[in-house]
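According to TrEMBL, the protein has these features:
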- 8-23: compositional bias 'Polar residues' (COMPBIAS)
- 1-23: region 'Disordered' (REGION)
- 77-102: transmembrane segment (TRANSMEM)
- 122-139: transmembrane segment (TRANSMEM)
- 146-166: transmembrane segment (TRANSMEM)
- 186-203: transmembrane segment (TRANSMEM)
- 231-253: transmembrane segment (TRANSMEM)
- 259-279: transmembrane segment (TRANSMEM)
- 381-402: transmembrane segment (TRANSMEM)
- 428-447: transmembrane segment (TRANSMEM)
- 459-478: transmembrane segment (TRANSMEM)
- 498-517: transmembrane segment (TRANSMEM)
- 538-562: transmembrane segment (TRANSMEM)
- 582-604: transmembrane segment (TRANSMEM)
Amino acid sequence: MSLLKVHQGSSKNNSQMDPMDSLNTTSKIAQKVREDTTNLESEPVDPYYSNNEKAMTSCLNIGDCIKRKSTGGWKSATLLLANQGLATLAFFGVGVNLVLFLTRVIGQDNANAANSVSKWTGTVYLCSLVGAFLSDSYWGRYLTCAIFQLIFVLGLVLLSLSSWLFLIKPEGCGSVETFCTPNSSIGTAMFYMAIYLVAFGYGGHQPTLATFGADQFEETNPKEKSSKAAFFSYFYSALNVGSVFSNTILVYYEDVGNWTLGFWVSTGSAVIALVLFLLGSPGYRYVKPCGNPLARVAQVFVAAARKWNVVPADKNGLYELEGSESAIKGSRKIVHSNEFECLDKAATLTDKNESENGLTNPWRLCTVTQVEEAKCIIRMLPIWLCTIIYSVVFTQMASLFVEQGQAMNAKIVGGFHVPAASMSTFDIFSVLICTGIYCQVLVPITGRLSGNPKGITELQRMGVGLIIGMLAMVAAGVTEIERLKRVTPENHSSSLSIFWQVPQYVLVGASEVFMYVGQLEFFNGQAPDGIKSFGSSLCMASISLGNYVSSLLVNMVMGITARGKSPGWIPDDLNNGHMDRFYFLIAVLTAADFVIYVYCAKWYNCINVEESKMGLENDGQFAEEKALNRV
C-alpha cells in the first residue's frame, strides 16, 4: 500500500483522530522509511545508489515526495501529447493546403504562392524564439503555452470568418475546376491578419510545450530520465498523428472547395486542445522562470570586454558562488570548460572594486556558471546553422512537392482524385514507422555495439538525417524528370502517376526521425537549465530560417534562369520549366552542408553540469519514494 493512499485515508478521518495518534503514526512512517532506506543498497535492482542512507539525510520531507508522486509523469505528459496532436491537426488543416488556397482563392501564381508559404512557415517557427524567451524569462512554461494557444484559437476563428464572409465567393469556389473571383481588400487583409495570428500562436507555444512536457520527468531520477528521453520521440510522433486527419480528410474537403468547413474543423480541434491543456493544470510540475537570459549573456560579454587586458585566472581561481546553489535561480552549476577562454575574463577577480555596497556587480564580475551558459550558446550555434539547409529540404513538402503533384495524374481506381497535398500522408506514416523501427530495433542493436544506451549520439543521428534528406531531393529530381517526359500538352498535365512522389515523401519522413527528433533531444539536453525553452526553440528557428532560405533560393534561381524568352526553372506552367534542376541544386547544397556539419560535430564539446550535491539530494528523494511505497 502506498503512502499516498495512507495519507488520503487519514485525511478523511482527520477530525476523528487523536493528535497523539497522528503523531505516533507519523513517527512510525518515518521510522519505517529509515529502516527501509538503510537496506536499499543491498538490492540488485538499483546498483546506481551507493550511499542511500547519506542521501536520505538531505531529503526527509514526506510531503514533498507525495507532491512529486501525484504530479508530472506520464499522466501529465499524455495530456500534453494529446494537446500537441490536436493543435497540430488544427495547424496543418491550414498550412498543408495553404499554397493551393493562395493560387485558387487569393489568385497568386505558383512562384509567389510558394514564396508566400515559405515566408509564412518561416514566421511560424521564428515566433518560437519569442515564446521561448518569454517562457524562460518571465511567464514560465505553463502561462506561455496557455496564452499562445489562445492566440492560436483567435487566429483560426478570424480565418474561418474571413473565408466564410469575404473570400469564398461564389460559394464552393476554390476547387480544381472553379477559381474564386477577385477578393475585396477587407477580406484579404483579414485573411493575412488571421494566418499570421495562427503563425504567432502556434509557433509561440510549440517549443515551450516540448520543454514543459520534459519538465514532467525528473532528469536526475533514473526511473524518469529514460522516460524523458522517450518523450521527445513521442512528442514528434504526436505531431505526425495529429496531422494524419488534416492531411487526408481535411485536405480532400478543402481541395473540392469546402475551405470554410476545413477551417472551422481546425478551429474546433484547437479549442479542444486548449481545454485539455487547462484541465491538466492541477497535475503538472511547474518550473519557475530563471530571469532574462539575454541580460545574463550580455553581462558576460560586457564584463569580459571591461577586462580585455586582464589575463584570465586559473580555473580554480575563477569566481563562483559557494555551496550547491547557482547564481542563476533554478539552474544547476556548470563545470568550467577550456573553450573561449577569453570569456573567462568575466569571472576573473581583479584588484578593482567588483562590488557595490557589498553586492557583486554582474556587469563587472560574473560567475563561472554564467560564463559557461554563454559558452554553451556559442558552442551550439555552428551545429544549429548546419541544420538550416536541411530545413530547406523539409519545406519543399509544403510548396514545390504540392505544385509538382498538381501537375501529375492524380486519378486512381473509380475516378477518385487524390489531392496533391494529401501525399504528405506518406511522410507522416514514414515518420511513425521509422520512429518505431528506430526505438525498437536500431537503438538496441547500436546500443550493444557502441555501449551507448541511446544507440547513437544526437549528433550522429542528425548527420544521418542530413544524408537521407539529400537522397529525398535526388528522388524528387528523378520524379520530375520522369514527369516532364510524360507531359500531355493538351491538358497541361503529365500522365505520370502522382504515386511516383511516394519515395521522396517517405525519405523526407525518415530523415525527420533522425534530424528533428535528434535536434529536440540535442538542443534541449545541451541547453543550460535557465534556457531550456530556448534550446527547444532552436529546432523550430532552424525550420524558420530554412523557409526564408528556400524563398531566397527560389527568387535567386528565377532571377538567374528566367531571362529573355526562358521561363525559368519554376514558371507558372511547370511543364515549361526545370524544377528537377532546383531539386538537384538543393541536394548539392545539402551534401556540402553535411561536410561542414561533420567538422562542427567533431569540434563540439558537451555541457558538463555539476551534479554532485544536487544529484545526491535527488537520489535521496528517489530512495525515499521507494521506501514510502512499502509503508
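Start at 1 and count along the chain as shown; that gives each residue its number.
Each residue, glycine too, has its Cβ placed from N, Cα and C.
Unlike curated records, TrEMBL annotations are generated automatically.
Keep in mind that this is a model prediction, so the values were computed, not measured.
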Worksheet, complete the sentence: Top stretch by Cβ pairs under 8 Å to the transmembrane segment (259-279) (candidates 77-102, 122-139, 146-166, 381-402, 428-447) is 77-102
Discussion item. Using Cβ atoms and a strict cutoff of less than 8 Å, what residues sit near the transmembrane segment (186-203) while being 6 or more residues removed from its termini?
Written reply: 87, 91, 94, 98, 106, 120, 123-128, 130-131, 148-156, 158-159, 161-163, 165-167, 540, 544
Fill in: Interface-richest range of 146-166, 428-447, 538-562 toward the transmembrane segment (122-139), CB pairs under 8 Å
538-562
Practice prompt. State the non-local partners of the transmembrane segment (459-478) in its own chain: residues 6+ outside its ends, Cβ under 8 Å from one of its Cβ atoms.
Written response: 383, 386-387, 389-390, 393-394, 396, 400-401, 404, 501, 503-504, 507-508, 510-519, 521-522, 580-581, 583-584, 586-587, 590-591, 593-594, 597-598, 601, 604
Fill in: Folded-back contacts onto the transmembrane segment (77-102), same chain, C-beta under 8 angstroms, at least six residues removed
108, 112-114, 116-117, 120-121, 124, 149, 152, 156, 159, 174, 195, 198, 202, 205, 209, 212-213, 216-217, 227, 231, 234-235, 238-243, 245-247, 250-251, 254-255, 259, 262-263, 265-267, 269-270, 272-274, 276-277, 279-280, 283, 398-399, 402-403, 406, 419-421, 424
Discussion item. Short question: most Cβ pairs under 8 Å with the transmembrane segment (381-402), which of 146-166, 231-253, 538-562?
Written reply: 538-562
Response to the item:
If you count CB pairs under 8 A between the transmembrane segment (498-517) and each of 231-253, 428-447, 538-562, the winner is 428-447
